[in-house]
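Student: Quick paste of what TrEMBL says about this protein:
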type: DOMAIN; residues: A:243-409; note: domain 'Helicase ATP-binding'
type: BINDING; residues: A:472, A:475, A:512, A:515; note: Zn(2+) 1 binding site
type: BINDING; residues: A:481, A:484, A:499, A:502; note: Zn(2+) 2 binding site
DNA sequence: AGCACGCCGACT
DNA sequence: GTCGGCGTGCTC
């Protein structure tokens, strides 16, 4: 290094500062000085390393050229962890706004959205003594797996003389595009030598690539020819293509009955976005993310798709993330959290089954992915498509107001009629031959006929366990959870009573905790008992059960595969049986007790019941043979059940909206004000913000649902030595106000809100 | 989250 | 007299 003493010193450049979000439970970023030697490598969205108290942490730059707040003396950024910014400004803005809206610490939100650091970045940091040995960075050590991918060299001249196995390999490549060496081993013995010789001839090209043993890409998929759309599909496709070509952001509600071909509409719209070299994002409910669904997209668009799912390792997730970020892959498919996938030049976001409750993250960073999809698409100037056979009433009323454009698909291609639904009034029908009144005579007969015809049946019961509660015949008390006071469910096979609210479990006792008498009797029917009764009554029929107790993750598909292979005649299950792919042998669907979801203490109970019945009914008759649905209920005249039986969404939606109006609700709920009084303004604010955070994600507690109206946090006012905080909330529950108040107070009592505040809740006005 | 500071109970 | 409980506050 040389120093020229005669050169005048450079004028000192003004010190620059940036805000960095750190992975801490703190809802703001911290200001750091930007050393001039790092300035060229730091931009919005960059991942940097910073000193923080006695530690060093990785963080994301959320603002550049900020001014430090008064009284703080920023420390300098210590290093840059990656050369390229992790987030583009648009996605960063979305994440910042989501963190802000749902009142969650920005650093934690960004950490959750970001991929793991590259191993070499971690090593370099550690070598420079920057990271303490104890510092865990996500995914710092994940095994990588690389695979040899073989592709045809385009337009290569073929020598006349080729071995039969060489020709076989070339033919395979022609139909498949590209193949991994491992896959070739399934078709030819010792493929390595053949590939090597073809590579020497310049006919194929090999490339080492990091790839996963991903279940979504395990099986090869033949490419498909797009089917000719029906006229209804054509109209929807034209509307979406038109919006994509106009480059105007627009949100569409695609209302299409089960089997009406919504997926084909998504495929065509996404194809148009791809033709415009724009990115696409498809969100599906957690449970619907299956290899079959992904297969349809692979068949149309090839394997260059990022499938984001929870089984990915940190390494796999980072690979998928970087492929999207770089623009090498332009289509992402995933559940809720995929809304934060770094898709470039977003042209379209599709939210399939937009009414599905799994779009709502219930824990930690509470957010509604469907709402964020609308926001993200709007920001990106992209088209957003919300698809459902049974739209949420929020989306439906927005469509009615003209805020979303409504597209309707009413015909089932191939004119498979929706199955007829029979309502069985449990109060009027004698119990069937099984002796259990929950298997009525009509249902019993229908099951017999189904089995006799060699068909399969699905029996839906939304209650896990053997019996939902135990009652003491001596004193009449129910066995309840010591922590939650919720009735304990008997899980006979596990030998446990279990609380479905907090997961408390204890061995099944014989004596009543209240009076000590040995008189506990099971009350009610769960899937475990139903399975037993069916196996006994319809022996030798093969009965299986699918619920959270029997199935975890991949085994859901395993059970459904067994049904497809006809190894099971009767399938008992909870919600889980309503989703997933076709079960063509199922001709009968029985809903054991529709009242169950109707009795839920939630203002959306009727809506959920309609959705559930519609979905479960859609499972019948998807194959060659016509389907049939039996719904058992004690409320045969309830409008949600009757509308579901008639496949009448419009009728249901109008009745439900009218019902909510009459009860003083808006389409989304009802207005209340929550007032928090506390001696300490910061604690009052903290309590209020927590309530807002819960409310924004539509879940204050299991029993009280509210959402926030207007800007929050509202100003604090001082009143007689107390600090008063007022929130405007819209309760989403029936009956709402007492429950909302109770759950807010309960949370404060639990210390969850971190303040000993007093709260009152009063109605303000109707919308 | 981690870490320091701080003010009240049982101990070498 | 000190060790340590975790309540409260702060970290750029």
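In case you wondered, yes, glycine gets a Cβ from its N, Cα and C as well.
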Student: Identify all same-chain residues not among A:472, A:475, A:512, A:515 whose C-beta atom falls within 8 angstroms of the centroid of the Zn(2+) 1 site's C-beta atoms; report them in sequence order.
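Tutor: Surrounding the site, in chain order, are A:473, A:474, A:476, A:477, A:513, A:514, A:516, A:517, A:519, A:520.
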Student: Long-range same-chain neighbours of residue A:472 (Zn(2+) 1 binding site), Cβ under 8 Å, sequence gap at least 6?
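Tutor: The answer is A:478, A:479, A:512, A:514, A:515, A:517, A:519, A:520, A:521.
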Student: What mean pLDDT score does the domain 'Helicase ATP-binding' (A:243-409) have in the model?
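Tutor: Taking every residue in the domain 'Helicase ATP-binding' (A:243-409) and averaging pLDDT yields 93.
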Student: Using a Cβ cut-off under 8 Å and a sequence separation of 6 or more, which residues in the same chain sit near residue A:475 (Zn(2+) 1 binding site)?
Tutor: A:512, A:514, A:515, A:517, A:519
Student: When neighbour density is defined as the number of other C-beta atoms within 10 angstroms of a residue's C-beta, which of the binding-site residues A:499, A:512, A:515 has the lowest density?
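Tutor: Among the binding-site residues A:499, A:512, A:515, the sparsest Cβ neighbourhood within 10 Å belongs to A:515.
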Student: Using a 10 Å cut-off, grab the number of neighbouring Cβ atoms around the Cβ of residue A:481 (Zn(2+) 2 binding site), all chains included.
Tutor: 20
Student: In which DSSP state, out of helix, strand and coil, do we find residue A:515 (Zn(2+) 1 binding site)?
Tutor: coil
